[in-house]
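Peer 1: Dropping the structure in here first, questions after.
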Amino acid sequence: MGKHHVTLCCVVFAVLCLASSLAQAQVLFQGFNWESWRKQGGWYNFLHEKVEEIASTGATHVWLPPPSHSVSPQGYMPGRLYDLDASKYGTEAELKSLIEAFHDKNVECLADIVINHRCADYKDSRGVYCVFEGGTPDGRLDWGPDMICSDDTQYSNGRGHRDTGAGFGAAPDIDHLNPRVQRELTDWLNWLRTDLGFDGWRLDFAKGYSAPLARIYVDNTNPTFVVGEIWSSLIYNGDGKPSTNQDADRQELVNWVEGVGKPATAFDFTTKGILQAAVQGELWRLHDGNGKAPGLMGWMPDQAVTFVDNHDTGSTQSLWPFPSDKVMQGYAYILTHPGIPCIFYDHVFDWNLQHEIATLAEIRSRNGIHAESTLDILKAEGDIYVAMIDGKVITKLGPRYDAGGIIPSDFHVVAHGNDYCVWEKEGLRVPAGRKHY
């Protein structure tokens, strides 16, 4: 009896360790860009044909666009939240079929959740657009001006609470301190989970309402993955270049993820800003004063979603683009380093970088690199950056060819491209998604 008990305990422990490792070995894929809504035949149907290719990049999660009716075609000015058939990306049935296809490939799906603000269908007696329609025959999400933040004076009747975050001028800021708002948005999110099959959330403009309020929606909907958009602004010097110390910038991200609690993560805008400056001859930027990575990744890697570009920073908006000729240096960095990397649709399918990105993702997978992998920065100078990850993978960025003899003889090149190279240690590969102990 005792022997069987010990065996069972060992099995349970092994399963728990594997589950923990798999949870950490996450790769996010953004499955759309700013122009995806224009696709003839619908984006959901088009993306359905790409599911297998997306899964082959190593993606464990795919981020899909806002699903509801919206005044803007991209989905970021939502109105009738339950009305998914009015989306420019396709119908509710097509979305559900797409989610099922991803699930068949063991890829979980995140909905882009835009709840900071909302567009009204009708005017009130003042002639102000502040009467909302939920998109159902009943009264769910049918709100009036009472549900708008009192300091959003363009739309509010003054009865709501003050905004708990940054204002959004283009549409009414919703009062998330209102119990009815909390209850009905929670019900809508749970409907997306149970009826549509979504697994988690990407929270748009998450700095528009406080972290404790975001936590309410996370705690009450049980998502497997949550990532918030806290678009922090780097601190710049007088010469227009980023300051060496970006601790205040990444502290904003830390405050949010700690305020929301797990499983919440945040897009690591600090790392993006520093990385895209570093690859332009300033690779010394890729370590902080303590020898760690300089972004959120250096402080809380398990809650840092690293990325090169997205539909805002890149695509046709190009609000803060990564240098186009150095994009693969960006992927060599995020796909071999700690944190949770996010791959952008455009780079895989529109830039013809699928093979290079998939190769790096495979290196990450077969070496068991995960969000909390150990990072040892070996060199960070203007024209060269070299780091070892988990003692198994070495990544070099920059044009300098000679790394100065710091690459051990038992490491061999497994990927290389424009100003990047990746080595792998022989004999230490582990099954995909597992840590090496």
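Each Cβ is built from the backbone N, Cα and C atoms, and glycine gets one as well.
Swiss-Prot lists these features:
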BINDING   69-71, 76-77, 202-207, W231, S233, Q251, K292, 298-300, H311, Q317, K396, 401-403, 413-419, W423  substrate binding site
BINDING   N116, D163, A166, D173, G208  Ca(2+) 1 binding site
BINDING   E133, T136, D138, D142  Ca(2+) 2 binding site
BINDING   D152, F168, A171, D173  Ca(2+) 3 binding site
ACT_SITE  D204  active site, nucleophile
ACT_SITE  E229  active site, proton donor
SITE      D312  site 'Transition state stabilizer'
Peer 1: Enumerate same-chain residues with a sequence separation of six or more from V413 (substrate binding site) and a Cβ-Cβ distance below 8 A; give 'none' if the list is empty.
Peer 2: C421, V422, W423
Peer 1: List the recorded positions among H69, M77, F168, D312, G417 whose C-alpha is within 10 Å of the C-alpha of G208 (Ca(2+) 1 binding site), in sequence order, or say none.
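Peer 2: Within 10 Å Cα-Cα: F168.
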Peer 1: Reported as an integer number of Å, what is the Cα distance between D152 (Ca(2+) 3 binding site) and D204 (active site, nucleophile)?
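Peer 2: Roughly 19 Å, rounded to the nearest whole number.
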Peer 1: Does anything in the same chain, at least 6 positions from W299 (substrate binding site), have a Cβ under 8 Å from its Cβ, and if so what?
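Peer 2: Long-range Cβ contacts: R250, V254, K292.
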Peer 1: Quick one, of the binding-site residues M77, A166, A171, which Cβ has the fewest other Cβ within 10 Å?
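Peer 2: Sparsest of the binding-site residues M77, A166, A171 by Cβ contacts within 10 Å: A166.
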Peer 1: What is the separation, in Å, between the Cα atoms of D142 (Ca(2+) 2 binding site) and A171 (Ca(2+) 3 binding site)?
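Peer 2: If we compare the Cα positions of D142 (Ca(2+) 2 binding site) and A171 (Ca(2+) 3 binding site), the gap is 16 Å.
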Peer 1: Counting other Cβ atoms within 10 Å of each Cβ, which of the recorded positions D138, D142, D152, D173, E229 scores lowest?
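Peer 2: Counting other Cβ atoms within 10 Å of each of the recorded positions D138, D142, D152, D173, E229, the minimum falls on D138.
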Peer 1: Given the recorded positions H69, E133, T136, E229, S233, G417, which lie within 10 A of F168 (Ca(2+) 3 binding site) by CA-CA distance?
Peer 2: none
Peer 1: Of the recorded positions M77, D163, E229, which one has its Cα closest to the Cα of E133 (Ca(2+) 2 binding site)?
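Peer 2: The smallest Cα gap between E133 (Ca(2+) 2 binding site) and any of the recorded positions is with M77.
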Peer 1: Could you name the residues, excluding E133, T136, D138, D142, of the same chain that surround the Ca(2+) 2 site, i.e. Cβ within 8 Å of the Cβ centre of those residues, in sequence order?
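Peer 2: Result: Y82, G134, G135, P137, G139, R140, L141.
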Peer 1: So how many other Cβ atoms are close to N116 (Ca(2+) 1 binding site), meaning within 10 Å of its Cβ?
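Peer 2: Total other Cβ atoms inside 10 Å, all chains included: 26.
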Peer 1: List the residues in the vicinity of the Ca(2+) 1 site, defined as same-chain residues other than N116, D163, A166, D173, G208 with C-beta within 8 angstroms of the site's C-beta centre.
Peer 2: H117, C149, T164, G165, G167, F168, I174, F205, K207, Y209
Peer 1: Have a look at the recorded positions M77, T136, E229, G417 and say which one has the shortest Cα distance to D173 (Ca(2+) 1 binding site).
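Peer 2: Considering only the listed recorded positions, the nearest one is M77.
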Peer 1: From the centroid of the CB atoms of D152, F168, A171, D173, the recorded Ca(2+) 3 site, which same-chain residues not already listed sit within 8 A by their CB, in sequence order?
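Peer 2: Everything else in range on the chain: N116, H117, I148, C149, Y155, D163, G167, G169, A170, P172, I174, G208.
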